[in-house]
Amino acid sequence: MAQRLPLILFALVMAAIPFIPTMPPFWIVLLDNIGLSALVAMGLVLLTGVGGLTSFGQAAFCGFGAYTTAVLTTAYGLSPWLTLPLSLVVSGVFAVALGLITVRLSGHYLPLGTIAWGLGLFYLFSKLEFLGRNDGISAIPPLAIGPLKMIDPDTIYFAIWTAVILCALLTMNLLDSRTGRAIRALRRGHVAAEAFGIQPPRTKLLVFIYAAVLAGLSGWLYAHFQRAVNPTPFGAQAGIEYLFVAVVGGAGYVWGGVLGAAIVVVLKEVLQDYLPVLFHGEGQLETIVFGMMLVALLQLAPNGVWPWLVRLLPFKPGPKAIDPSLVLPPRRKPAAIDDSLLIVDHARKEFGGVIAVNDVSFDVGTREIVALIGPNGAGKSTTFNLITGMLSLSAGTISVSGKVFKSAKPQDITKLGVSRTFQHVKLVADMTVLENVAIGAHLRGHAGAIKSLLRLDRSDEARLLAEAMRQIERVGLADQAHMLAGNLSLGQQRIVEIARALCADPALLLLDEPAAGLRHMEKQQLASLLRSLRDGGMSVLLVEHDMGFVMGLADRVVVLDFGTRIAEGRPDAIKANPDVIRAYLGGAP
Ligand SMILES: Nc1ncnc2c1ncn2[C@@H]1O[C@H](COP(=O)(O)OP(=O)(O)OP(=O)(O)O)[C@@H](O)[C@H]1O
């Protein structure tokens, strides 16, 4: 409840505003416009700020919402309350169709794709006869509750701001959940997300639909507020402006969308009113000044105004409460075959003319720590990527717990009980250590987006967080659990990755250079942690350049050179092996 206090206070203030006797009616109109814009921006926060998918085309989804209700209420006489779900469904269905194509685009192609369909849909709205072409549709009935018709700006105000507050609540619920973590994980790229069972295309499509539905809701309200629609507010320029709103307010924050809407709507209004007076009606000066002010604002607050403002607010979110008594059921571990959990059998990987891995074979048994060593470019990371499904084999096979594959998706390998860390740390810097580690337990949770939106996921979520905390304590980072991962040292971030991997309850742990960046004491602690994991029944395969660390820890060592396995054996034998000394150890520092 205390968590929701700022929202309740905000709702009370917004509810009281129309009753202030001296409130100029025009301000209420401005607040209505801010609310409409905030709904679209909130979707963009999730899509662009949190999910990393830049869209210039959101105005088109407002158009779907607005035109759906305009047609159905004027041509078919349907009640606006009936057209509300239909407007949202139409926006959502178009989002599925456009999203299926768009979310697969990457880099510059994604925003370009959204501009393309933003432009295309604008022309569609202005050319279709039944949508009234350029003139649009007028005489749209107002919203009404019984005899109360929401004709004035100060009555529809309540509908608009109820929608804004409700959507803010739902969006915050979604972000504070297993699904929300999956969305936030996407911003760090697909690789880490996929390694823990998150399905990026599906998650992106979900965000895409959610943002479109919010825009559709804004369009529906707009149609009944203006009582007329035409294509202009749903064109590419409006799409760009919505993105501006989100970025100015703070694209990573739900309330950034609302604040951005307030800044942009008020700024435009003030400039439109005062600049022509100051400059005697000269040209389109307000557009130029508006653009310059937004650029200046972004220079001052590159992450948007919300995070800057939040530092001044008295409410600070406390750390998440964790109930240590909650436990997640262990994952069903697949059985090892002939005591081997992992069998790499004549694995080969060619990149064009480069043979990165050349018929390499080795295995990892149960309760065993195996180290994969070799000079730079020997093929260690490529072998790791073959095992984890990030690369497909050119020849040979890999089997995990008896399941043989040539190419498998990372999510499928994770489901077989394999969990990994990365050579280049892949944490979400602006998420806490606890939230990052909880991503590791993604496949152990079950609550989906709908449950998260409605807050029906709390017991599932509490168990996931309790498990994440347990793993953080296990690796010795309890004091850092509520810190942002990006504020930790590189060595600590590597340990956080291990906690995240452990959160998946793996049978086989793959560690890519876990000791890099660690101090001597930290390495010793890591070695004793890995030994205790092995003694507890886990198998570990690690790539590492620190020979002191490897030789004191590994049960068996596999040595690669130029993609070929040149030796395999116990650490003492490897240290004395002349081929290994020549290829690697002799040159090792
Ligand atoms: N995607 C790729 N395309 C082309 N060549 C690649 C690719 N990935 C790796 N290679 C090449 O394959 C070889 C093995 O690289 P890999 O990164 O697996 O070595 P490594 O043993 O992990 O090296 P390091 O210790 O430096 O991380 C190198 O010659 C590398 O240039």
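Yeah, the Cβs are placed from backbone N, Cα and C, and that goes for glycine too.
Predicted automatically and left uncurated, TrEMBL annotations should be read as such.
Per TrEMBL, domain 'ABC transporter' is recorded for 341-587. According to TrEMBL, the transmembrane segment annotation covers 7-28, 34-53, 60-78, 84-102, 109-126, 156-175, 205-223, 243-267, 288-309.
Within the same chain, the transmembrane segment (243-267) stays apart from the transmembrane segment (205-223): fewer than three Cβ pairs sit under 8 Å, each pair at least 6 residues apart.
Away from its own ends, the transmembrane segment (84-102) comes close to residues 57, 60-61, 64-66, 68-69, 72, 78, 110, 113-114, 117, 204-205, 208-209, 211-213, 215-217, 219-220 of its chain (Cβ-Cβ under 8 Å, at least six residues beyond either end).
Within its own chain, the transmembrane segment (109-126) is flanked in space by residues 53-57, 59-60, 63, 67, 98, 101-103, 133-134, 231, 234-236, 239, which lie at least six positions past its ends and keep a Cβ under 8 Å from the stretch. Only sequence-distant pairs (6 or more apart) were considered; of these, at least three Cβ pairs between the transmembrane segment (205-223) and the transmembrane segment (34-53) are under 8 A, so the stretches are in contact.
Taking Cβ pairs closer than 8 Å, the transmembrane segment (7-28) reaches residues 153-154, 157-158, 161, 165, 168-169, 172 in its own chain, all 6 or more past its ends. Restricting the average to the domain 'ABC transporter' (341-587) gives a pLDDT of 93.
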